[in-house]
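Undergrad: Residues or ranges marked as transmembrane segment by Swiss-Prot on the basis of sequence analysis: 25-45, 70-90, 93-113, 138-158, 164-184, 195-215, 235-255, 258-278, 284-304, 333-353.
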């Protein structure tokens, strides 16, 4: 919306700054953060009154988690509200990549909201049917992938390799849908401790904001010899809103958390990250930058598969952050060490932009 005013620079001095992606990214970050910070307390009070007992606590989880009983969930509503308002203010509303990514984020958010709703109202750890939830997620992701295919190319870029792309043809759609769904659920699995998921999400969002900006600028893309995708620079503004909203949410989610993100937020943010990775042709780099999410997801897959084969557990508890809690790490140790891992992995992922 604010981009419109840049066309009035002849009459309004200074508004030409609105045309710059870098300025709008910072503005989106500040706007979303302020919205979440200001309206967060009232949202938390409202959710607490409506939810009563809050999110159910896993009976087989660490004993320290039982003191979290009564903490409201669906904190993703705070995050998504801040992102959407800020995005509509600062993003280019004619950009197709913006709309598709927003579609994925909000659709995944609605799926997560329904899951949270069932858990809270029925006071059970199991919400939405797993098969039904995945089916809806794949439908949303496939629609997004189809649109990306229409406006872009079906190529898969490889990190560390110059000017080489694998033509996926129509396999691009199922592959991209898998990336989006897998990322959404991996972030969802990571969201198990106070503050654990939101910081790695912000780290990944910042990293992909840079990637989106560079990929959408033909001069930078040519210099770095990365795939140029016209229009993806606008995703940096959207991701800036994610970072700002994440900072605002962390104020309330810092231990001891006053609110949990819930599936409403984790599915939505993960889906958005996957969507941006597909749009910018950095799907493989996402596995590095979002390596912590991949680790959490794989730990569950390994735990389930190993148990089916041997009737034993590979980890004391999955996802893997609970394994370390069972090993004796305090919650704050797990959270901060996982934050460090996410930052290191993001730096490694960003290094692929130059190491070719």
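Glycine is treated like the rest: Cβ placed from N, Cα and C.
Model, not experiment: these values are computed from the prediction.
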Undergrad: If you count every Cβ pair below 8 Å, which range out of 195-215, 235-255, 284-304 shares the most with the transmembrane segment (25-45)?
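TA: Checked against 195-215, 235-255, 284-304; highest Cβ contact count belongs to 235-255.
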Undergrad: Residues sitting near the transmembrane segment (93-113): Cβ under 8 Å, six or more positions beyond its termini, same chain?
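TA: Same-chain contacts beyond the flanks: 1, 3, 74, 76-77, 80, 83-84, 87, 128, 133, 136-137, 140-141, 143-144, 147-148, 151, 180, 184, 188, 231-232, 234-235, 237-238, 262-272, 274-276, 279.
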Undergrad: Is it true that the transmembrane segment (284-304) and the transmembrane segment (164-184) have 3 or more CB pairs under 8 Å, sequence gap of 6 or more?
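TA: Result for the transmembrane segment (284-304) with the transmembrane segment (164-184) is yes.
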Undergrad: Any contact between the transmembrane segment (164-184) and the transmembrane segment (258-278), i.e. 3 or more CB pairs below 8 Å with pairs at least 6 residues apart?
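TA: Per Cβ check, the transmembrane segment (164-184) touches the transmembrane segment (258-278).
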Undergrad: Relative to the transmembrane segment (70-90), which of 195-215, 258-278, 333-353 accounts for the most Cβ pairs at distances under 8 Å?
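TA: Per the Cβ count, the answer is 258-278.
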Undergrad: Quick test of the contact rule: Cβ under 8 Å, at least six residues beyond the ends. What residues does that give for the transmembrane segment (195-215)?
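TA: Residues packing against the transmembrane segment (195-215) from afar: 21-22, 25, 187, 221, 224, 226-229, 232-236, 239-240, 242-243, 246-247, 249-250, 253-255, 257, 261, 266, 269-270, 273, 276-277, 279-282, 285-286, 289-290, 292-293, 321, 334-335, 338-339, 342-343, 346, 349-350, 353.
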